[in-house]
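Per Swiss-Prot, the features are as follows:
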- HIS83, HIS182: heme b b562 binding site (BINDING)
- HIS97, HIS196: heme b b566 binding site (BINDING)
- HIS201: ubiquinone binding site (BINDING)
- 33-53: transmembrane segment (TRANSMEM)
- 77-98: transmembrane segment (TRANSMEM)
- 113-133: transmembrane segment (TRANSMEM)
- 178-198: transmembrane segment (TRANSMEM)
- 226-246: transmembrane segment (TRANSMEM)
- 288-308: transmembrane segment (TRANSMEM)
- 320-340: transmembrane segment (TRANSMEM)
- 347-367: transmembrane segment (TRANSMEM)
Amino acid sequence: MTNTRKTHPLXKIINHSFIDLPAPSNISAWWNFGSLLGLCLIIQILTGLFLAMHYTSDTMTAFSSVTHICRDVNYGWLIRYMHANGASMFFICLFLHVGRGMYYGSYIYFETWNIGVILLFAVMATAFMGYVLPWGQMSFWGATVITNLLSAIPYIGTTLVEWIWGGFSVDKATLTRFFAFHFILPFIIAALAMVHLLFLHETGSNNPSGLISDSDKIPFHPYYTIKDTLGVLLLILTLMALVLFSPDLLGDPDNYTPANPLSTPPHIKPEWYFLFAYAILRSIPNKLGGVLALVFSILILMLFPLLHLSKQRSMMFRPLSQCVFWILVADLFTLTWIGGQPVEHPFIIIGQLASILYFAIILLILPTVSMIENKLLKW
């Protein structure tokens with residue numbers, strides 16, 4: 001008799017995705033982050049759902065409702081900090097997942113890659129709107145500064161900003177709509193993640209060598225289910241250590257002050273995971289130029305399949321490209337550091353140089369080095 005998991009319409013889909021899926025035999029721990037991102041999304045949706053049961057999206061009561069969650073709701077503090085730090089874990093996994101794709105040439109599957117970039121944008125938008133909800137000082141001023149960037153769009157900019165605000169400043173209407181969008185977007189992200197997997201399973205996974213592995217496949221279960229379980233345990237351990245020992249480590253103290261439109265904080269800065277993009281935005285003295293650089297700093301990922309000039313897919317056997325890749329990683333760390341610093345000498349010039357280097361590496365240096373490697377290998 002045929003196994004139910006291979007015949008039942010629903011069980012069949014799960015079977016082809018997570019059980020009998022043919023997977024390369026040599027994929028490393030860098031391939032764990034897909035499942036970890038799925039776990040992060042589930043954690044965020046569940047904790048977010050319970051927070052939404054007690055949260056009120058009104059300017060008068062939003063801050064108090066978050067305080068109420070932390071003080072009066074059973075384990076409310078735990079749910080709140082799991083949600084806040086869960087976002088940080090989400091972005092750590094995201095950056096490592098994208099970095100893995102860049103290093104091993106996973107972007108050659110361009111449909112999967114482009115949906116991934118759209119997912120990155122969606123997660124960034126969700127995180128930004130979520131940061132506004134507690135209605136602290138940094139929530140309010142972050143929302144004001146970032147939404148105001150749209151006013152740089154010629155002709156329609158100002159109208160667009162007022163349309164997003166639902167008035168002439170960030171106020172009750174803005175908070176309510178941000179809450180609505182923050183609630184719906186994770187479900188859209190979940191749907192997009194399924195499409196991401198659908199396209200991935202059309203081609204099968206890439207592997208560290210970048211070679212076709214059709215002749216050497218193993219079933220996903222039990223080999224990679226057990227491997228993913230280790231990743232899951234490590235992620236939960238890290239998250240809970242952060243939540244239980246140092247929940248405010250990655251937050252901003254300014255957000256414990258209720259929003260006050262009459263008092264601007266000395267340094268307006270976003271959460272740590274946006275600092276690299278914020279540094280690129282600030283490094284250009286022109287408003288529209290800064291906004292374009294900000295958008296393009298993420299959108300540039302979509303160009304990776306077009307900029308791949310190497311005859312080899314992966315960087316595993318390309319030491320020159322590896323060197324450039326790690327310089328890019330160091331550059332992103334530098335940008336993250338600069339994004340959190342005040343706008344003064346020497347941080348301004350460091351930020352500008354780091355921004356130029358970021359775009360130069362991706363658009364110019366990596367493709368050039370790839371061609372040099374082709375020549376060295378007489379390809």
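Quick reminder: no glycine exception, Cβ is built from N, Cα and C everywhere.
Considering only the binding-site residues HIS83, HIS97, HIS182, HIS196, HIS201, the Cβ with the fewest other Cβ atoms within 10 Å is that of HIS201. By the Cβ criterion (distance under 8 Å, sequence gap of 6 or more), the transmembrane segment (288-308) is not counted as touching the transmembrane segment (33-53), fewer than 3 such pairs being found. A straight line from the CA of HIS83 (heme b b562 binding site) to the CA of HIS201 (ubiquinone binding site) spans 30 Å.
Counting residues 6+ beyond its ends, the transmembrane segment (178-198) has Cβ neighbours under 8 Å at 17, 37-38, 41, 44-45, 48, 52, 55, 57, 112, 115-116, 118-119, 122-123, 125-126, 129-130, 132-133, 143 in the same chain. Under 8 Å from some Cβ of the transmembrane segment (226-246) lie the Cβ atoms of residues 29, 32-33, 35-36, 39-40, 43, 78, 81-82, 85-86, 88-89, 93, all in the same chain and six or more residues away from its ends. Remote same-chain residues near the transmembrane segment (320-340) are listed as 99, 102-103, 269-270, 272, 274-280, 282-283, 310, 347, 350-351, 354-355, 357-358, 361-362, 365-366, 369-370, 372-373 (criterion: CB distance under 8 Å, separation of at least six residues from the stretch ends). Distance noted between the C-alpha atoms of HIS196 (heme b b566 binding site) and HIS182 (heme b b562 binding site) is 21 Å. In this structure, the CA atom of HIS182 (heme b b562 binding site) is 23 Å away from the CA atom of HIS97 (heme b b566 binding site).
Calculated from their C-alpha atoms, the gap between HIS97 (heme b b566 binding site) and HIS201 (ubiquinone binding site) amounts to 17 Å.
According to its DSSP assignment, HIS83 (heme b b562 binding site) is helical.
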